[in-house]
Structure formats: structure tokens, C-alpha cells
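Everything on this sheet refers to the single structure shown next.
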């Protein structure tokens, strides 16, 4: 295939002695090539595949020694692998290895990670803490950016360090790109330490929302650096730009999210490509936002959060599983690649070392972050129902990790305007390495030492759901009585609007959904599957008698057989009661007899059968269960 | 007219701003009378859609919540009683110590418990629990009553297993007492 169409076989072809001529009219023909090697033809996809394969193999390698990932987060190990690779390439070719292309990062590697995070974000917790998250993201990042910028400028003024040629604006730009907390790094580190959900959502939400302000500040200062004079109007333009970037991004995301939900309403005939729509629409929202220089991260997050609820009900169970796993796989690959590339790109000649600049950058990053979190928390605690303690504040400050986003942003700086670009690159790399390695490794022991509240992944229980719903209604009711338009009031209003208009429009078979009922059904189904798998059903009379029953050959039973059957049934009923942990059978009411208990059990099985019939995929996959229940 | 004695109110640790706001609201609800009755709650439009409306209104008149010695339901409540009920919903303050915090939490949970326990006998029986779940799910017209009952049964079993652990097949579980409620 490679040698057809007469392309160059020159250097690539092997096993031929005669160089063929381009025109083909030469007097020496080419012989048939028995074996050829044509690398340039497949170079790009080949290299991509090799990189991804290498990254995944590295991941397997880490988990072979099972204690390693719990001490050192994977991100560190991946960067080390990258460093090693970079060193090899550098040693072999004597030139700097391929730097991670910023386009590749922003257009291909970052979206899957943000999509995965946004799709599975606990929306309720996010909106409950939205004020705090927004406060930290916007004001916190501004505080950090300006603080770091100005203090670094102060340091640059000291002529002993040799930094006097870096202007205030350049320092401010540097401050703005290094102050952003990075979602990729936060995810990579927080994933293993399992702090309570509230803390996690605060740090992670901040890392997502601060993209808007980072984009604005970065572009603002970059343009300012290139402009001769700066007028007041430009500053106002900057502020206006912030609102447009943030709100515009979110609007694009929400719009495309609704379109995606609407599309999935009609996909019931072509289930196979349902997952594709989810990915296409989210990616579309990201690149549309990037096209207008709006915040792509906020767009894709908004799209994923909007889409989630409605798509989940429209697509089949299998499509949902596909979406979930494919998303996780993509984001995992992206994350691995990002860290390896960061390691690779570090090696090389892109550096300029200056003790003062680098060390003060690191110092100011830490100081301003800690100060910022402390001051901002004092202010926001006044407005919060559950105030944030010192422990929480410490973890929020310590969890402010920098990562690949500032790395890519620094590579995007135009060298003409920034003659000291290499210095910036070095400083950014030092800060990233410090936060990822030192903070990443030590945060786990610190969390344990400070006894921070951890997330408890317990079994979801129906009674818990009931209490939650009950209390929601109580809170909303009390807010109504007070005449207070609080959080619960707005959430309730949104729910009503959602039920009345949105769900009717976007969901195919719209039935009023109750979280209690769906949780109960889910648990019952899981319960039944567990029981079937644990072999309890096999204690029931053998399959021979089953097949007899099925074919209608019902022989009349003798009294002894009846007795046996009754005995088996009672014994098994008792064992079912005995072994099921959360659904222990007890006499519920004061006068419950054995009969009533059995009746309750049988009634529950009846409703389970109904729910089994309703979910198509389950009944398709487990016909055995259906017929067994029939027998029961 | 209508200004309650400040000293007893302060013991509820509600700020003066909040007291003013609630007082205005009280006057609105009571139509400038000194007391309100159950009928006055009908004038709140949004409360209509709340599935557990009955229980919420009932809670305001429940003598156990009003910290009165007797039992049963009050006919009407004045502003001080109104404030007493509202004070169950005030947020935790930073300067509370462990013991105060614990007492605070218990009070709030007791308020909830009284809402479940409608016959005032100190425990939540299966029938009362079923009643709660039915009310919660009353917004779904498609749901059969039987499903609501089976959900309540399942939840009750969960509670029993948490509170009493493994029980033999002949043991009877009376109902969830307040101690069990705390455990759950």
C-alpha cells in the first residue's frame, strides 16, 4: 500500500538495489518490493499510540507495588517517568525534546478531564456552596494574581538580583498565570485522600470557576504589555470582558446541554450511537467557547451538568454505562499524558535560572495563597450557615495546587514581548513541581494528622433518602412561613419549573420521579441480583422440577411432597431473612404473625418483579431470574 | 401593641434583627391579632404545594415543641411561641462548646422526631412511618399506595437492624424510640 501511487520510496524502501525514478520512464524499472518500511506515512498516529501505550503501561507499573500509589500520588510518578524519557531523548538527540504543544493541551487533552469532572459533579452540593466557591475563585484568584505580581515587582526592583528589566505589567501577567489553581492537579491529588465532600467541592469548584478570571487576566495583561498607553477605558473593558467571558461560557454550555438532552429524546431507535451525542455536544460547547475566547472550561462544565439529569433518563442502561466508562477512560488517558508531557518538556534548554526570582516566586505563591484563604474565609463565614473551621481553611489553602494550565500558558507567551520568557518557564516549573510533589505527597499524612473529616462511602439507604427529602420539605416550609427567600425556596422553585416545562420537553417518557422510589427500586434490584449470585436460589428444588412447571406438566403433589416443599420454603424464607443485612425480617407491627411476614416478603417480590419487567435491559439479560421469581 | 418582653426572648439567642423580621411576619399572618391559629397558615400560598404541609403546621401547635409541660395540641399560639418554634432553626454559633453543641443538635432532632411521631406516644410505629412516606410521595399520582407501604416497610427494617442488630424471627420491634432515632 505504501509503495503504490508512486510516492517516494527512496530512503524508506528497503531491500531494493535500484533507486526508481520519479517519472517512471527511466530505463531501470523498480523490482517488486518484498518488504518495505515506510515510517513517515504512519508517523503521527504511530507516535500518538506509542505515547498513550507507554503512559498506560507506566500506570500498570505503579500499581504492581500496591503500597506505592497510597504514598506518592500518581501524578508525581508520571512526571518522573516523563523526566526520564525527556532525559533519554535529550541525551540521544542533543536537542530539546518536543515541548507539549499548547494547542494540543488546550484543545485535546484538557476537555476530557473537565468533562468527566463536570458530568459526575454532585450538583446539589455544588450549588449549596456556590457562593463560597465563586468568592474563592474570583476574588481569591484576583487577590493572588495582583499580590504575587506586585510583590515580585518589588523584588525585581532590587538591582542585586539582576531582574530590573522585568516591568510591572510583565510581573502582573506572570502573577495572573501562576495564581490559578489547577483542576487536573487537584483531581489527581484529592482523588486518593478522600476528604469530605464539602471540602472537595470547595477546592475543586474553585479550580473550575477560576478559569474565567484566569483567561481574562491573562489576555488583559498580555494586551497591556503590548500596548503603548493604557487608558482607564481599557480597565473597564477588562472588567466587562470578565462578565462576558464567564457568563458567555456558561450560557453556551447550558444551551448546548439542552440541545443534547433534546436530541437524546429521539434516539430510542438508534441506541448504539447515543453515547456519541453526549461527547460531541460537550466538546462542541468547549470549542465554540474557545472560538469566541470565552471560558471553555466553564462552558463544558455547564454543558455536562445540564445534560446529565435529562440524558440519564433518556438513554438506555447500556448507553449510560458506556458513557460513564468511556468518559473515565478518556480522562484518565488525558491526565496521564499531561503529566508525562510535563516531565518531558522540563528537560532541555528552555531554562534560565535565577535564584532570587524562582525562590521568591515560590515563597509568594505560598504566602499569598494562605493569606488569601484566611482573609476571604473570615468574610464569607458571616454568610455561611456552616462556617469553615481552621482545619478546612488549611486544607483549602494547602490544596491550591498548580499544574498543567499555568505550564501551557507560560509557553504561550510571545518571546518578542517577553525577553525573559525562559526565566518565567523555570519559575513556573519549580512552583508546579513543588506543589505537585511536596504538597501532593504530604497532604495525605497531614489530613490524617489533622483528623480532617473524611468522606464515608456507605451503602445508600432508603431511610436516609426519606429523612433527606422530609427535611428538605420542612426547611422549604419554614422558609415559606417566614417569608424568607432562602436557598431552599429557590431550589424548590427551580424544581417546580423543571417539572412543569423542562422535563416535559426534554425527556421522552416523562413520569414524575421521586428519588426515594428510584433509590428503593435500585436497592431491591441489587439485592435480588446479590441473592441470585450468592446461590441461595439454588437451594430451591432442582431445575428438573422447574422445567416441568414451565412446560405445564404439573403433576399433583403427594402430601409428603407438599410437606417437603413447605419445609423448604420456610427454611429458605428464614435464611433469606437471616442473611440479608439491611433488610432483616422482624415483626414489624405488634401483632404481626408468621403469615403476615411472609405476605410482606411476597408483596415485595411482586413489586420487584414489576420493576424487573419495566426495565427492559434487565429482563433481556436475566430471563432466568424472571422465571425463577415466577416459580417462587 | 404586640411587643413581647425582650428578656425572655433573648434567652432564645435570636438576633434582634431576626426578631423584628419575624414579628412583622407574625403580624402579617395573624392579621394584626395577638395569636394565630391553624387557619392562618392557609394564607401562605407556597405552602399549599408542600407535601408535608399538614405536619409542618401541626408542629407549630405541638405542645411538646412549645416547651410546655402538658401534652397535645394548642389551639392558638402567640408571638413568643412562634419564636420558640423558629428558634429550632437557628444556625450553630462558632463559640459553642461541645456540650452546648450536643444539646443543640438533640433539640433539633427532637423537633424532627415529634413530626414523625404523630400520636405523641414517644415512638415511631410502622403505621406512623408509612403515613410519613405516603405523604412524602403524595405528589406522584402514578405511584400506588402499595409501593409507598413497601418502601416504608423496607426503611423500617433498616432502622430496626441499625438499632437492634440481628433479631431472631420471633422478636417484635415496637417502634423507633428517640434514642434509636438518634442512632439512625
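Even glycines carry a Cβ here, placed using N, Cα and C.
These numbers come from a predicted model, not from an experiment.
The stretch that TrEMBL tags with transmembrane segment, taken from the ranges A:199-221, A:314-336, A:452-474, is A:199-221. Per TrEMBL, the stretch carrying the note transmembrane segment among A:133-156, A:493-516, A:517-540 is A:133-156.
Among the ranges A:19-40, A:41-62, A:283-304, the one that TrEMBL lists as transmembrane segment is A:283-304.
Highest Cβ contact count with the transmembrane segment (A:199-221) among the listed stretches A:71-92, A:104-121, A:168-193, A:395-417 falls to A:168-193 (criterion: pairs under 8 Å). Cβ atoms under 8 Å from those of the transmembrane segment (A:168-193) belong to residues 69-70, 73-75, 110, 113-114, 117, 141, 144-150, 152-153, 156, 200, 203-204, 206-208, 210-211, 214, 217-218, 220-222, 224-225, 297, 335, 338-339, 361, 365, 368, 399-406, 409-410, 413, 418, 420, 424, 427-428, 431-432, 435-436, 439-440, 443-444, 447 of the same chain, restricted to positions at least 6 beyond its ends.
Residues 183-184, 187, 201, 204, 208, 279, 282-283, 286-287, 290, 296-297, 300-305, 307-308, 327-328, 330-331, 333-335, 337-338, 341, 404-405, 408 of the same chain, all 6+ positions outside the transmembrane segment (A:104-121), place their C-beta atoms under 8 angstroms from a C-beta of that stretch.
Here the listed stretches are A:71-92, A:133-156, A:395-417, A:423-447, and the one with the most C-beta pairs under 8 angstroms to the transmembrane segment (A:356-383) is A:133-156. In this model, the domain 'Sodium/hydrogen exchanger regulatory region' (A:539-624) carries an average pLDDT of 49.
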